[in-house]
Amino acid sequence: MQTAQVSIFVNAVFVNGVVCKDAKLVKADDFLFRGLHVMGNTSNDVGSNVTAVTVAELAGLNTLGISLARIDFAPGGINPPHTHPRATEVLTVIEGSLLVGFVTSNPDNRLFTKMLEKGDVFMFPQGLIHFQKNVGYGHALAIAGLSSQNPGVITIANAVFGSNPDIAEDILAKAFQVDIKVVRQIQSKF
């Protein structure tokens with residue numbers, strides 16, 4: 001069994017860590033993703049849900065340099081500060097009102113924010129920390145286009161306070177200039 005699996009990949013071409021499928025084996029389903037019309041479950045701590053459509057969900061995206069996501073927001077819900085290390089994001093508001101923003105890199109750490117309404121489009125440069133918040137009274141919906149078939153996502157709070165193993169408490173306390181008890185309290189949520 002192991003030999004058979006290895007032989008499959010001997011002549012395989014990998015792009016961004018994903019095997020390119022032999023053209024003779026490609027089928028129509030490789031270019032289809034169903035379900036983007038379904039609202040994601042926003043009953044969670046942040047009040048949002050991201051339905052990603054990357055090469056992991058839609059094989060036909062491999063090598064094309066694009067992907068997308070549906071982002072659903074409960075009232076007051078946020079898509080917490082995060083970054084895409086391999087993609088620029090273009091966000092379009094389909095329903096509702098969103099406060100969006102991104103922060104430039106050191107040393108300026110300049111915050112750019114905008115209030116978006118239905119039909120508005122906003123762009124987040126590759127690698128920069130950005131966020132969205134539903135500031136309307138009802139649910140909000142946005143669609144994001146990303147400039148990579150595998151954009152990656154690093155949610156800042158999860159990465160810093162929920163790493164495995166934990167980042168040492170004294171390092172986080174010093175970095176955030178808070179007491180170690182505060183660090184422990186935050187880490188306990190992740």
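Cβ coordinates come from backbone N, Cα and C, glycine included.
Bear in mind that TrEMBL entries carry predicted annotations, made automatically and left uncurated.
Keep in mind that what you see is a predicted model, and the values were worked out from it rather than measured.
Annotation comment: TrEMBL describes Asn79, His84, Glu89 as oxalate binding site. Annotation source TrEMBL lists Mn(2+) binding site at His82, His84, Glu89, His130. Positions annotated as domain 'Cupin type-1' by TrEMBL: 34-184.
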Message: Can you name every residue in this chain, apart from Asn79, His84, Glu89, with its Cβ inside 8 Å of the center of the Cβ atoms of the recorded oxalate site?
response: Ala69, His82, Thr83, Ala87, Leu91, Phe124, His130, Ala144, Leu146, Pro151, Val153
Query: Other than its own, how many Cβ atoms are within 10 Å of the Cβ belonging to Glu89 (oxalate binding site)?
result: 25
- prompt: Tell me which residues of the chain lie with their Cβ under 8 angstroms from that of Asn79 (oxalate binding site), as long as they are six or more apart in sequence?
  reply: Val46, Ser48, Val50, Ile71, Phe73, Phe131, Gln132, Lys133
Query: Cα of Glu89 (oxalate binding site) to Cα of His82 (Mn(2+) binding site): how many Å, rounded?
result: 12
- line: Counting only residues outside His82, His84, Glu89, His130 in the same chain, those with C-beta within 8 angstroms of the Mn(2+) site's C-beta centroid are Thr83, Ala87, Phe102, Phe124, Leu128, Ile129, Pro151, Val153
Field: Surrounding CB atoms that lie within 10 Å of the CB of His82 (Mn(2+) binding site), all protein chains
entry: 20
Message: As a test of the contact definition, list every same-chain residue at least 6 positions from His130 (Mn(2+) binding site) whose Cβ is closer than 8 Å to its Cβ.
response: Pro81, His82, Thr83, Glu89, Val100, Gly101, Phe102, Val103, Phe124
Message: Below 8 Å Cβ to Cβ and six or more residues apart, same chain only. Which residues does that give for His84 (oxalate binding site)?
response: Phe124, Gln126, Gly127, Leu146, Ser148, Pro151, Gly152, Val153, Ile154
